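**Q** My questions will all concern the structure given below.
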Amino acid sequence: MADNRVKTGILVPLTRNLVADSTISNIAIFEGDNVIGRSNLLEPDKRVSRKHITLQVSADSSTKIVVEGPNPIILRSGGQRKKVSFQERANLIDGDIIELIPGHYLYKHVKGGDKRILPETNSGLLRKEKRQSVEEALVNKRIRQADTCESFSSNLQVHTILLRISYIVTQVFTSCDEEAIRHYRVTTKTLPSTFRLMQVQCVPAWANTSSITIGDVIQGNALVAILSNYMVDIDWLKVKLANWVFHKPSLPIAYGTHHSKAMLLVYPKGVRVVVHTANLIHVDWNNKTQGLWMQDFPWKGNDQCMDSLFENDLVDYLKALKVRLIASVPGYHTASNLKKWGHMKLRSVLENCVFDKEFCKSPLVYQFSSLGSLDEKWLSELAVSMSSGVSSDKSPLGIGKPLIIWPTVEDVRCSIEGYAAGNAIPSPQKNVEKAFLRKYWARWKANHVGRCHAMPHIKTYARYNAQNLAWFLLTSANLSKAAWGALQKNNSQLMIRSYELGVLFLPSSKANEKAFSCTDDHVLQQENSSSGYMTGGGSVRLATLCWKGNNPNESSKVIQLPVPYQLPPQPYDSSDEPWSWDKRYTKKDAYGQVWPRRVHLHVDQDG
């Protein structure tokens, strides 16, 4: 069972005039360590560290404040303002005021108040978020969303909220079975050629068919684990090792991030390669629509000298990280490196693929969770790369028209997390409300996988015709120049700001031959194929879960991918409003909350 903790007081947000700010929620203080930082702010401010200060409350309710971040704070006590710097400590008494940044983010310490015993949830940002969500759910459970939900309930278990939502399907899809994933099965021969959705705790059981948890990925006697990510909660991983090594990749260009999400698990028998879309935090692996691909590779024998294209990509990518797939690495890439990374890498791979004639001028779909500052010129540049490839007569496929799948305000409001889900869709009005984007917007519709109310953090790009797929990319890359790169100097140079990683699925002319697993008791054994890139026009084709046999080449085998959204996408209508995380929304969500509200930020943007 979780430990119990006593609430000893609150931090009350103040305006600069020292008046309580009713637009920001109080921060509850509990016996033990209380971490306060950037996630407690309404809007991100990099001057405030994620772990900015710690309030240490002893059994007698005496409180000390410890500065954890590099920037000093100001403590107002007894009419005086005292500067407290990194790793310094000070006593905190009733009525004292904390300035997290001198002159900014003021909080008054008020002791006492509600002494309810609450579950221990303060060992990390995520546990604090779950505590707040539980309290809100209990207070507001009488509120129902009659327009999308028949019922809403919540209960508390040790580490998570289990919400059960039964919703009325308001639209009948003629192109897709409403529960298509119920019949989805992954065989040992098809596993390397597809990906899986991650389990969501608050969807019907059928929606998690063939879905995966982190326990299905990290298992067995791993000798070494290399975890590459943007955001990591070590406490949630539940492994307290003494030999953690943290590596911070070089970011040579301003505003770039290390955004790749991957794992390399080294076993005595081989290596497990995992490419996925989730941060290593609880909410990402439990409450959101996410995707994951993995494959086990045996160690090479002395007689195995042939490299695969997949292996070469992986090695190149790891070399760039100092410690390769469709990857992005920050820098100014020219000459032989021009087509090595970003959208130019995708262009170079697709240029060498032959696709069926049905994909000539067929549409594109872009789906992601953060939108950069875009212009039409760059979108055209990206579409050229995404539209590359030739048909069987060697003529170019032609430029496809893209649609952008992006949640509406109503999607976020009615989600299983309510408005809190909007923190993982962190795009501001100035990026979202550009007039030229209106013609690209399409709805997030995921009835066939039971995830209409599990907001997407997955990032995917594809070319399709009805339910047939020319290719499909599962990646960490959001729609931004920082992630995909932008051509410069008369198209002789590609500038990329961020690290990204994705796996590209293509039709295959060669079937996989034998299975291999790094773990003896691994249920879903992996196929070992000779190449991660497979040329098109062969015996294996790609389709969605909603494919119903409209295959013109009956001799071809069809691999179905669990694409989590409806194809073709449904364009916005006049009443749909794209979500912006810095805009105010007053219609209450299922928790009775409006937006903005104080929740722990999940900033996953790179643009």
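Just so you know, glycine gets a Cβ as well, placed from its N, Cα and C.
Small disclaimer: the values here were computed from a predicted structure and weren't measured.
Residues annotated as active site, nucleophile in TrEMBL: His259. Annotated active site, proton donor/acceptor per TrEMBL: His457, in sequence order. The substrate binding site annotation in TrEMBL covers Lys261, Lys459. Sequence annotations record features per position, and here TrEMBL assigns site 'Interaction with DNA' to Ser480.
On this model, are these features tucked inside or out on the surface, and what's nearby?
**A** Its Cβ placed at the centre, His259 (active site, nucleophile) has 28 other Cβ atoms within 10 Å.
If you draw a 10 Å sphere around the CB of His457 (active site, proton donor/acceptor), it holds 25 other CB atoms from the protein chains shown.
Just so you know, the Cβ of Lys459 (substrate binding site) picks up 26 other Cβ atoms within 10 Å once every protein chain is counted.
Neighbour count (other Cβ atoms within 10 Å of the Cβ, all protein chains): 25 for Ser480 (site 'Interaction with DNA').
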**Q** Counting across all protein chains shown, how many other Cβ atoms sit within 10 Å of the Cβ of Lys261 (substrate binding site)?
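**A** By my count, 28.
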**Q** In Å, rounded, how far does the Cα of His457 (active site, proton donor/acceptor) sit from the Cα of Lys261 (substrate binding site)?
**A** 12
**Q** Cα distance, Lys459 (substrate binding site) to His259 (active site, nucleophile), nearest Å?
**A** 12
